[in-house]
């Protein structure tokens, strides 16, 4: 088990390094191949009103004239050892892991990401709890009552949940529940959990439900399909023949068997969400990683985009590792070697 | 069986029950905006009332005004900000040498002294400008403001590496020492050739050339004083040292900030500011549709960008007279236009350019830009109506229905030797759907006379630097037409016209907003206007330039931008200031 985890962690580091190389290449190699000069890249850092001489100086100082491998080495060194930046009257040290400075806000990217992470984690955890409970429960009941009114209604709602985009359900929910009925918090509010857990939950309730609606729908359909397949297995018949209570048969034998694919999907979904629930955070103006990402893309702020990509990649890799470990818990046939 | 049914229903309803159960818990941070009641949207207001008068006038002090921004400031640093709303808002925490009056409509275009005792005194044929500072003005920490703090503020703004967002007016016009690089890189260099401070209350600007309207430069945020010992360069925007009635309490870049009263602001030195609210809460990067909904619901007071309601909200506001009654629809100082590049054949022939002018359907262009309320007023010349020097004229009458004069267009095509039309490309910024729609509208309307346009989208970040604004690229790639837009830096002919019609701002390396106007006569007229100290005579020259550019057919005006602003339920003293084309943020109070 320990060997397995160490091996996976090493692979995670290798994977993140590959992601960083690809990301760096997309932002710095591809533009060069398309004909962009070091001055074109530097122009973003000095604004539209800079003179040609100022742009050239900036390109030199930012190291855009160096070979790409040197530039990547500098970027990677910043992540592991930090880097120094000139902010005008003084030179400032950006401690490791330094993902560079945003050329729009002139602030280091890493503290920004750390600052926004609790919002995204709060959103993801709350929504995940709701969607797993609601989705799996609905899926189980639908499978057990296949063809019933409940089954048809639940799957209809699930189809709507998968089909309706979050920016639509989010906006409608805000107008209806926050600005019409005044029973939920408006957009653009977030209270840290440690400041006031109740307010934290109240502020995030609507985003949680909106996000969970999308995922719960998917999980209900997946669980239903899994349960239908599992409940026809021989070992379920054996369990019933042994005289086990139906609840035990369903929850301990049936659901457990159907959970493995759910767990796989959950790992991916949850990891991706930790990397930023872009639409939900944008709709509700929550200052999380997703909103940060979409703003960074809008402003073409490369250091910020690269930071987000690497953080998102980290969470996907990490979540998959956790899911693989959980396989052994859910399915006794799985052994981690 | 019944048990499982109940379980299923409970599971299906989990989201709703969870939601309802939690609804009763706590008021969260959704405190109602401001204090006081205020009329609901659709209450007692009148459409466009804030264009000509003060809505809900009051001198009541107290309360908090809530602002939100769909984007973010370029910078809160006075030396590094170039957004119109930022110049409007910055007056709350910073005082420049002179400022625009906090007044309704055109009166807001007038300059009035702020830090200075009076407007500038010109000498040496308007190449030297002197200002005397008022006594008793202090920074938020109680330190007296001196002319040296103003000089330092201008000097530090010179450095475009540290402050890339600002303008270059001071860099370009002041007589800086050779190779000067700003307060940081040229520390200790004597800059008296550009700015002198003979005593703590006097500041003298020396220009390279006569400039009759330097007072407009003196209202720029870069003349807001910065204490050198508190300057943190690129990080100064995290805590700007206030001289205005408010100072920063919190500031989280990318999220928002709050302002509270500045105890060291002395109203006796400041007749321009009422400072009614106790403070301001500003959120940034907020969903634009949500901003509209919150203002309509009374949860928020101002969309700070001042660019108007989003299409979703327009759909609610315009059909409902009661909601519409609490909105205002000012025409701003922005022109959306199409540059006609005379470097790209056959548009090097003036008659071919005229054919474009005549064939354009102004009604479809207006629709493309967003229509009558959110798009703009059909433009027939360059200078917007709010700018002195504007004159109503139409060099290329598009017919009574504004759909273009196809007969005249065909005559012009024949005169330029292209009787069956010609082919060229039209560029636009890919991220801007309205520019694309306008380009498509032109494609349709010019196609009626055989002018075939091919649409060429480019990324907006590099639009001027690498594509439409780079003369070599534009010519090689036959970008005969380019969608463009310009907002006046300040409401006078120089602020509006110089950057878009002076051929000397065009650089081979790209980056200029002027991508088409190359007329030495226009350049000469600009020089004459800059030397003319009589305002009326100067405005007449700007009118002349406007007509000359239209005669040359280098620019096809589309619309003068309009925005539908939603009036807050909670704010008092609401009025539109023409200098900014949006609500005046200095005058507002809380009901």
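Glycine is treated like the rest: Cβ placed from N, Cα and C.
Curation does not apply to TrEMBL; its annotations are automatic.
Under the heading domain 'ABC transmembrane type-1', TrEMBL lists A:117-327.
Residues 41, 68, 71-72, 75-76, 79, 302, 305-306, 309-310, 313-314, 317-318, 321 of the same chain, all 6+ positions outside the transmembrane segment (A:9-30), place their C-beta atoms under 8 angstroms from a C-beta of that stretch. Annotated transmembrane segment per TrEMBL: A:9-30 (among others), in sequence order.
Taken from TrEMBL, the feature transmembrane segment covers A:119-144 (among others).
TrEMBL lists A:156-179 (among others) with the feature transmembrane segment.
What TrEMBL lists as transmembrane segment is A:199-217 (among others).
Cβ atoms under 8 Å from those of the transmembrane segment (A:257-279) belong to residues 120-121, 123-124, 127-128, 132, 136, 165-167, 170, 211, 215, 218-219, 222-223, 226-227, 229-230, 233, 288-294, 308, 311-320, 322-324, 326-327, 330-331 of the same chain, restricted to positions at least 6 beyond its ends. The transmembrane segment annotation in TrEMBL covers A:257-279 (among others).
Per TrEMBL, transmembrane segment is recorded for A:305-330 (among others).
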Taking A:156-179, A:199-217, A:305-330 as candidates, which has the most Cβ pairs under 8 Å with the transmembrane segment (A:119-144)?
-> A:199-217
Other than its close neighbours in sequence, what residues sit by the transmembrane segment (A:199-217), given a CB gap under 8 Å and a spacing of at least six beyond its ends?
-> 122-123, 126-128, 130-131, 134-135, 138, 157-162, 164, 166, 169-170, 173-174, 177-178, 184-185, 189-193, 269, 273, 277, 280-281, 283-284, 286
